[in-house]
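A.B. asks: Structure provided below as structure tokens; questions to follow.
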Amino acid sequence: MAELEELNFTNRSDFGPNGTYVIVDQNETVILGEGERLVNVTSEMDIAYAVPLYGYCMPFLLVVTIVANTLIVVVLSKRHMRTPTNAVLMAMALSDMFTLLFPAPWLFYMYTFGNHYKPLSPVGACYAWRAMNDIIPGLFHTASIWLTLALAVQRYIYVCHAPVARTWCTMPRVLKGVAVISICATLHQSPRFFELVYEPTTIRWGGQNNVQVCKVRVADWIEHGLSPNVYYTFYFLFRVIFVHALPCVSLVVLNLLLFKALRKAQIKRNKLFKENRKGDCKRLRDSNCTTLMLIVVVTVFLFTEIPLAVVTVLHIISSSIKEILDYRVANILILFTNFFIILSYPINFAIYCGMSRQFRETFKELFIRGAVQVTRRNGAGSSKYSLVNGPRTSTNETVL
């Protein structure tokens, strides 16, 4: 998606008071008023990279992501899989899927079918392009970031402060937390629905007169109220601090703490094994597997999010303090970063299948014929089936 993280580096003066000539056709120019510009999809990203990545690779990734995340939701929604941890994982899967699903129609139209060079109209289409390709994906991606942080915090409580988990990590509290995260992400993005105003205008384009196109300007409540500099500086500072920097730093710290706790638990498990306490040993093994799996999930997330956070910080510095950023290079970096973020979405399904016995067993029961009988015959005493008949008595949740 063109502006998954709401960064538009194409023309930094778009939102400032400038009279500018906008090239609409190689032989035609249109003079615009102060702070106005024409909607020009081709100028938003480097087409040499956008077309192959978003036009040709994206359709395949879309199908894979929808299938993988739908399977995750189906498996985690089964009765014996309903736990606080799985509730967060399911919300993450839905957020990631919607992040890609909303801009998909426009990516097909603009880049797969090659319509990015055409004037975009009517006004409703311009509003839809911005909302579906920029604002709504940003909303769901923000929610996904905060949900990932919530997942790591929850697992840290389970592993390192088990008694507290009885109070704080219950299903009702976790569902309320997911709802609060969704509301906060919506509030964070909601002003962006009203920050620009689109108006119809006509141009001469492609040898034809009176071709309709959208003219865009900053809304009056920003232009004559807060001022664009104040509004965008505040927005991006909030985003850098609360959507990128704090979550990423917190996740790095939590990952290190979880890894340290995992090593201690492994030593304890080896001791239990030597003492022939197989029941306790098995429970600790399941807990360790869950912790390790979530560490891997968070690590994959960090590999894709940290580069985006760095570019966003550089954008803030370059826009408000000193120009240090080549915005053409920044646009290309954002394009590739967004692509790798999307590429990471189906990876979680592979992680769950590869590292979670229970996820594999439930998946086989649902989608592979005969797996139910085989699983029950070979693993009737597993913890998976003990969860069906009643609530868990341990705070150290091991499902998944």
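Just so you know, glycine gets a Cβ as well, placed from its N, Cα and C.
Under the heading domain 'G-protein coupled receptors family 1 profile', TrEMBL lists 68-352. Per TrEMBL, transmembrane segment is recorded for 53-76, 88-111, 236-259, 292-317, 329-354.
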A.B. asks: For the transmembrane segment (53-76), I need the partner stretch with the highest count of C-beta pairs below 8 angstroms, choosing only from 236-259, 292-317, 329-354.
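C.D. replies: Comparing 236-259, 292-317, 329-354 against the transmembrane segment (53-76), the winner is 329-354.
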A.B. asks: Where among 236-259, 292-317, 329-354 do we find the most Cβ pairs under 8 Å to the transmembrane segment (88-111)?
C.D. replies: 329-354
A.B. asks: Can you give the mean pLDDT for the domain 'G-protein coupled receptors family 1 profile' (68-352), rounded to a whole number?
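C.D. replies: Taking every residue of the domain 'G-protein coupled receptors family 1 profile' (68-352) together, the mean pLDDT is 87.
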